[in-house]
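Right, one structure below, let's go through it.
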Amino acid sequence: MGVVLPPPPLSMLMLVLMLLPVASASEAEHRLFQYLFEDYNEIIRPVANVSHPVIIQFEVSMSQLVKVDEVNQIMETNLWLKQIWNDYKLKWKPSDYQGVEFMRVPAEKIWKPDIVLYNNADGDFQVDDKTKALLKYTGEVTWIPPAIFKSSCKIDVTYFPFDYQNCTMKFGSWSYDKAKIDLVLIGSSMNLKDYWESGEWAIIKAPGYKHEIKYNCCEEIYQDITYSLYIRRLPLFYTINLIIPCLLISFLTVLVFYLPSDCGEKVTLCISVLLSLTVFLLVITETIPSTSLVIPLIGEYLLFTMIFVTLSIVITVFVLNVHYRTPTTHTMPTWVKAVFLNLLPRVMFMTRPTSTEEDAPKTRNFYGAELSNLNCFSRADSKSCKEGYPCQDGTCGYCHHRRVKISNFSANLTRSSSSESVDAVLSLSALSPEIKEAIQSVKYIAENMKAQNVAKEIQDDWKYVAMVIDRIFLWVFILVCILGTAGLFLQPLMARDDT
């Protein structure tokens, strides 16, 4: 008795029914592939008439701007090269192959135009054919291979980091001339719909142009499609890490002239600023394009700052030399007094304290009168004071007062007593040796104090001259810093307006 098998599950039947069309479609594509490539030769140009060219529609899509090497003058890009042409050998009727209208085949199986990058600097000139091409039943072939190109580009870093670059990419057939391949540009510029924004460069525009050139090597005319890539460097990174620190260093250099000379730290501040700038330059050397063709704008600014700081050190040393001058080492010329003590302070609205100027004549008059009195005291003969020999000009107030008293006293004594009494009284007025010695000592001290005050006044004048020089260079360096910075960084704007 036979074994009765149970009927297959419904799910199994449904799965088989679903796989039948897939298998049928795969079989149709297999038959179509065999039909298309049975006698196909990928070396022969796909034209029915040899005299006709193959029309190639060409477009470049920018995927990413990888890098711009300023030193080696190379631009690295990630591109998609869209190429569309018609191959009459790759036509079929969809009805014969279960409605199959499109088919993807390996690119090495079909004929392809040998379009290369003429100005390639490194790597392969031609794209890799590992990607597949899309075939349409009408014979239209669409091939979009991705490629990373390193193209040569003339980099002008004059206005770095505010520079604009124009890099060209020239595509064309290496083997086929105009009679064999006719290149047609799709659109008027590079396709940037799938562009991945770069952190350093911004693409302004990328127009494309078609050229026909006759080279020296050949008689034929060759076509090419050239894209001009206008790019602008994004300066934010360099502004924060290069320009702003240099501006701060320049500002510290200006403050050197505002620092008082008496503090003794002017040269220390100058040297510290110079050392900080030197270390800063060593750190950023690799950031700046190392080229000897032109001096980049940021290099000019760093050189300007270095000269700025060095010049401030030289001027500071000169100012300190003026500040510490004394009457024993230098004599102030008349023109220095006229220019630096009278003219320039008024021009720069500097006001010198008036107390010193008012007290100086009083001090000189006081010491002059006291020394005159001490000279009268030091006379050994009281008769000279009595007769008024040293006091005829009225400069000795003490002698004049003493002479009047002695004259009055002598007159009274004359009326009341004999001449011998008068001589006795006058003899008592003579100074003792101890008093004379004390007067000489006081006179010496007074003369020294007068000389010290005169020397201090001259030293104060030299210090004020140094202060005036400091103030002059303070304003000069502020103007140079502002105008120099503005002049350097306005050059890119002016150059862009000219172009």
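Including glycine, each Cβ sits where the backbone N, Cα and C put it.
Listed features, source Swiss-Prot:
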SIGNAL    1-25  signal peptide
CARBOHYD  N49  N-linked glycosylation site
CARBOHYD  N166  N-linked glycosylation site
TRANSMEM  245-260  transmembrane segment
TRANSMEM  263-279  transmembrane segment
TRANSMEM  302-320  transmembrane segment
TOPO_DOM  321-468  topological domain 'Cytoplasmic'
MOD_RES   S407  phosphoserine
MOD_RES   S410  phosphoserine
TRANSMEM  469-487  transmembrane segment
Translate the DSSP assignment of N166 (N-linked glycosylation site) into the three-state scheme. strand
Across all protein chains shown, the glycosylation sites N49, N166 give the max Cβ-within-10 Å count at N166
Restricting to the same chain and to residues at least six past its boundaries, which positions have a Cβ under 8 Å from a Cβ of the transmembrane segment (263-279)? 246, 249, 252-253, 255-256, 305-306, 309-310, 312-313, 316-317, 319-320
For N166 (N-linked glycosylation site) and N49 (N-linked glycosylation site), the CA-to-CA distance in whole Å is 41
Local confidence of the prediction over the topological domain 'Cytoplasmic' (321-468), expressed as mean pLDDT: 66
